[in-house]
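Structure record follows, encoded as structure tokens.
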Amino acid sequence: MHIGRTTLSKFVIEQTRGAHSEMGALLIDVAAAVKTISGLVGKGALSGFSGSMASTNVQGEVQKKLDVLTNEAILRHCEWGGQLAGMASEEMDAPYAIPAEYPRGRYLLIFDPLDGSSNSDVNVSVGTIFSILQRSTAGDAEPADFLQPGARQVAAGYAIYGPSTMLVLSVGTGTHGFTLHRESGNFILTHPDIRVPETTREFAINTSNERFWEPPVQRYVSECKAGKTGIREADFNMRWIASMVAEVHRILMRGGIFMYPKDNKDPAKPGRLRLLYEANPMAMLIEQAGGAASTGRGRILDVVPEALHQRVPVMLGSREEVKRLERYHHEYDTGADRPFASPLFAERSLFRD
Ligand code: FBP
């Protein structure tokens, strides 16, 4: 029975009293959109919305019907409330202007409406990721308003649509998890003040890209795979769900490290994941839970964005492992790792000279 337990509405209103009280109302609208999406995704093949559209998004990816529908759901739930100066999404080339009939506010909502969409037709957990920034004044947002470092986020969160629907959130006072009580429609605080264990023996990376990785990542992953027989003297486990939300959720629940590094499959791309609506919100949640989030060469939240859909390398999770990866990148960049010669690296000297 959940009567008397803290609901999401109560939590955000209490946490945002004062300077950010309007943001409390915005977060409640986001939660309403999440409930709508949970209903849609939960229907699976009965929703009539499985499969792909003929259209592609700004990343050149074929859009799933659910990508477009979930994007619509968030726009409709959030555009009318009066807290927003503008919105931006993975599924829209340019920022979305608040329709003229609605009042404007000073917050900016940036989101990935359906993360892990390659899994949406195969009944594997998918999610929604969001980040909230602010402008100094209320009014119509300019594209440049969205290009703020992640450290300036006033809130971040994700919803995971799995066996249960959860919403994990930070407004800068820790990271907290809420579970949807379907009968009442309330999000109940079930995971207050989540902490990521400092150390871990579990890593997540798409190893099919191994031959394209930089040597520091090849070094780190081969050491994990060598387990007890190698310098780590401990066995590691591996996971890859191909839904970033599900990987990050697992790490918040039991620790681990998630990596989507830079690779030379497409040298023009600095990474696969998008800075503003994937890397930044997840980095805030992980850091607020005591973990770390890096590009391998620096804190993700310090990256100054240059474009709305820019990509970055992502390594996040248990602090000790992220620090070790940063050290390997530093040793590689400074040449201090030269003794670590392995056939793999000797062969792949692409990154050296
Ligand atoms: P979108 O589904 O929002 O485009 O996100 C990208 C993503 O699906 C991440 O959720 C996931 O971590 C990664 O791509 C999976 O990549 P890959 O297809 O290489 O396994």
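Positions of Cβ are set from backbone N, Cα and C atoms, glycine also.
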Remark   = Checking TrEMBL, the member of Glu278, Glu287, Glu306 that binds Mg(2+) 2 with Asp112, Asp115 is Glu278
Ask   = Which of these, Glu90, Glu91, Glu101, does TrEMBL list as part of the Mg(2+) 1 site with Asp112, Leu114?
value = Glu90
Task = Looking at substrate and its recorded binding residues Asp115, Gly116, Ser117, Ser118, Asn206, figure out the farthest C-alpha pair and report it in angstrom, whole number.
result = 16
Ask   = Using the Cβ centroid of Asp112, Asp115, Glu278 as the reference point for the Mg(2+) 2 site, which residues of the same chain not in that list have Cβ within 8 Å?
value = Glu90, Phe111, Gly116, Gly127, Thr128, Ile129, Tyr158, Met244, Val245, Leu273, Arg274, Tyr277
Task = Measure the Cβ-based neighbour count of Leu114 (Mg(2+) 1 binding site), defined as the other Cβ atoms within 10 Å of its Cβ.
result = 30
Remark   = Long-range Cβ list for Asp115 (Mg(2+) 2 binding site), cut-off under 8 Å, min separation 6+ in sequence, same chain only, gives Val126, Gly127, Thr128, Ile129, Tyr158, Ser243, Met244, Val245, Glu278
Query = Ranked by the number of other Cβ atoms within 10 Å of their own Cβ, which of the binding-site residues Ser117, Ser118, Asn206 ranks first?
reply = Ser117
